[in-house]
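Colleague: Input: one structure, supplied below.
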Amino acid sequence: MNIHEYQGKEIFRSYGVNVPEGKPVFSPEEAVKAAKDLAQDVIVVKAQIHAGGRGKAGGVKIAKSVDEVEIYAKELLGKVLVTKQTGPAGKKVNRLLIESGCNIDKELYLSLTVDRATAQIVMIGSEAGGMEIEEVAESAPEKIIKEYIDPFIGLTAFQARRMAFKLNMEAGLINKAAALMMNLYKVFVEKDCSLVEINPLVITKDKDVMALDAKLNFDDSALYRHADITALRDETEEDPKEREAALLGLNYVNLGGNVACMVNGAGLAMATVDIIKHYGGEPANFLDVGGQGSAEDDAKAFKIMTADGQAKGIFVNIFGGINKCDIIAEGIVEANKMLGLKIPIVVRLDGTNFKEGREILQKANIPNLIMVESMTEGAKKVVELVKNA
Ligand code: ADP
Ligand code: MG
């Protein structure tokens, strides 16, 4: 789960991680009031969406007066912001953070995440902050500094200081920066984060260290023990189809192409997406029906997969195990009745009860449904049909 920058900063503040003073607002009037309360010469108006890259997309405005704050608030609220991370559809701005302007001397990068290869939390730092860190990692990997953290010992003070030294901080700032890192590690562990990222971490002109941005991701599997975090959820930021599927206990992932994939199991989902790509197609999404859905659930899955007309064809690729092919087949028939689908549906059923499943589909006699014997044949077929559609 993701949260907004201002919510992340509130968590930082409660852990003693230095952040600028600021307040979330939902209207220009609130923005003006917040700006007056801050009473600063420079005030920053920041669009709050669950995506980065706002600075370059015009979502972060520097205001020199309360009047300017009002102008920017009016401009940003309700605007659809398209950044490098939002995709072409962009995200609508419903909230702003009104924040004290910071006198920046230098922008750095600092994050904590889980490194799967070593099964450890890793702290990553770079002097090349404020920019696209992925690009820095690719073009100048020597500028990325890592500290792997022993899970039994936790982040040690010497590791934090070593990071600060390697970031070329001046002597007077080393302890301040190290303390910030120790607090950040505490946030990461205590809140069950999967990512905590500060980009930029700034050194101010008056020699302070401060988090100017805050990106926090939480491990969904641990949310049950963090009611405070769950309460921060902003459903308007989430893909409505992913939410609908989650409520049905299905895993739905939007991929942007035009071949919808209905599968069972994560491994088969990956393989299906790969094979469609291999034959020159673009998966629209995959929907993992998991182990024990009813025919009604499967029909609802079809509805989610085909909503909004993005998909031009469907590939049902099921290897029945716990779930049975006849139930899936009934779901397909049900979905067809319910939705009156016109786009081609290519179906490969194998595994438990595949004979019964195929019989059900044969009897249903759905004109736009094509049964295939294998995954390869199915992938080729659906890609071809979608191309000619
Ligand atoms: P994003 O990562 O979405 O672009 P940031 O919060 O990192 O958004 O802001 C982008 C840039 O705007 C920062 O790199 C910094 O230069 C500037 N900025 C952000 N907040 C402030 C602030 N409070 N004071 C001064 N400059 C800021
Ligand atoms: Mg940033």
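Positions of Cβ are set from backbone N, Cα and C atoms, glycine also.
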Colleague: Suppose a student reads TrEMBL and sees G53, R54, G55, E99, C102, E107 listed for ATP. Which of K46, K64, K91 should they find annotated at that same site?
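Modeller: That ATP site, as TrEMBL gives it, pairs G53, R54, G55, E99, C102, E107 with K46.
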Colleague: Measuring Cα to Cα, how many angstrom lie between N264 (substrate binding site) and K46 (ATP binding site)?
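Modeller: Each residue's Cα considered, N264 (substrate binding site) and K46 (ATP binding site) end up 42 Å apart.
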Colleague: If I take the alpha carbons of E99 (ATP binding site) and D213 (Mg(2+) binding site), what is the distance between them in whole Å?
Modeller: 11
Colleague: Can you tell which of E99, E107, D213 has the most other C-beta atoms within 10 Å, given these are the binding-site residues?
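Modeller: The residue with the most neighbouring Cβ atoms within 10 Å is E99.
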Colleague: Could you tell me which of the binding-site residues K46, R54, E99, C102, N264 have their C-beta within a distance under 6 angstroms of some atom of ligand 2?
Modeller: none
Colleague: Whole-number Å distance between the CA of C102 (ATP binding site) and the CA of D213 (Mg(2+) binding site)?
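Modeller: Distance between the two Cα atoms comes out at 12 Å.
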